[in-house]
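Swiss-Prot lists 1-23 with the feature signal peptide. Taken from Swiss-Prot, the feature sn-glycerol 3-phosphate binding site covers 65, 89, 144, 270, 307, 346, 397, and the record attributes it to similarity to another entry.
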């Protein structure tokens with residue numbers, strides 16, 4: 001009898017523990033962070049899981065931003081969407097117009113978590129805020145601005161002051177010629193050419209990218225990046241390209257690897273590229289602001305963000321949404337947001353994270369680490385330098401890439417390429433406008 005009782009008790013305990021294990025709510029989180037950035041995402045998830053044993057955040061790398069967005073939407077249509085989907089900033093209008101999301105402010109409200117939306121830096125939060133309700137639709141996560149990375153050792157070899165980086169595009173052209181003359185195979189390369197050379201070039205120099213305040217004021221916006229200032233800028237890059245001073249190495253972040261491998265002396269890339277540069281560069285490097293056009297009065301203005309936010313997908317149960325809310329709240333805590341900023345180079349997305357980082361002396365110990373924030377806050381944004389909210393923007397970026405490539409290969413002039421990009425892009429905007437009204 002005693003043996004049977006012990007067996008029954010053991011079985012009951014076993015079932016109880018099994019039940020507890022099964023009670024863990026698994027929360028898939030699809031993202032596009034690879035390399036050192038992916039390791040930081042995994043670290044955040046592990047720390048949350050340890051502190052919240054009832055939930056398990058499962059980060060899954062699903063490819064680059066475009067691939068992740070496509071995979072997420074496709075999965076939603078088949079009923080297999082993740083709970084959390086990281087979407088890059090130009091996918092915002094697409095996500096807003098979809099029926100695939102549950103706004104984050106509703107997620108927090110339903111979970112009974114008092115979440116202060118005002119904690120986010122306004123210029124970041126504004127990108128993901130619903131104009132009608134004034135609430136966040138997605139949560140800012142890895143926001144960035146383009147910055148200029150430069151090889152201080154290469155500068156010294158070329159007889160350039162390693163503490164004096166080029167401030168204007170005209171100066172950058174002069175620097176690249178000297179760097180090439182000193183033996184560098186590549187004087188300058190750029191990542192994310194559409195985002196940096198047109199979207200941010202326009203904002204940084206106080207120019208609209210599209211009408212209707214870059215789409216924030218309506219879906220009937222038209223593209224306007226084929227004006228004389230933008231054409232002149234692309235023409236300058238093309239002249240550098242012909243001389244071999246500017247190297248086109250790819251549409252995404254390929255220039256970062258070319259930089260930290262020592263092939264290119266300078267690159268404009270995401271501030272979020274700092275994590276990989278810090279890990280792999282074997283030389284002294286510096287970080288500076290994006291160049292501006294010396295001939296444009298009032299420049300520089302302010303940078304607009306890139307990177308991505310976290311969207312919550314529809315169709316999940318209450319317990320999953322509660323876990324999602326707790327995880328998003330965890331990410332926004334000052335100590336976690338500050339650590340993410342410091343380890344990756346992405347912007348501090350909350351005011352508290354910025355203040356904590358400053359109080360810790362991080363900016364004093366790491367000169368240049370605050371460049372991305374300073375660019376974003378350089379001047380109060382104009383109505384058309386707050387960012388972009390244009391439908392089908394991922395596809396428009398692809399068009400821009402194709403047309404700029406036609407310039408670098410000598411098939412089109414800068415004016416022809418930008419005119420064509422605007423015409424093709426406007427066709428996509430009209431399709432989005434029509435679909436959004438149906």
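Just so it is clear, glycine is given a Cβ too, placed from its N, Cα and C backbone atoms.
All features noted in Swiss-Prot, drawn onto the structure.
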residue : record                               : Cβ neighbours (10 Å)
65      : sn-glycerol 3-phosphate binding site : 22
89      : sn-glycerol 3-phosphate binding site : 27
144     : sn-glycerol 3-phosphate binding site : 25
270     : sn-glycerol 3-phosphate binding site : 24
307     : sn-glycerol 3-phosphate binding site : 24
346     : sn-glycerol 3-phosphate binding site : 29
397     : sn-glycerol 3-phosphate binding site : 23
How far apart, in angstrom, are the most distant Cα atoms among the sn-glycerol 3-phosphate-binding residues 65, 89, 144, 270, 307, 346, 397?
-> 22
Work out the three-state DSSP category of residue 89 (sn-glycerol 3-phosphate binding site).
-> helix
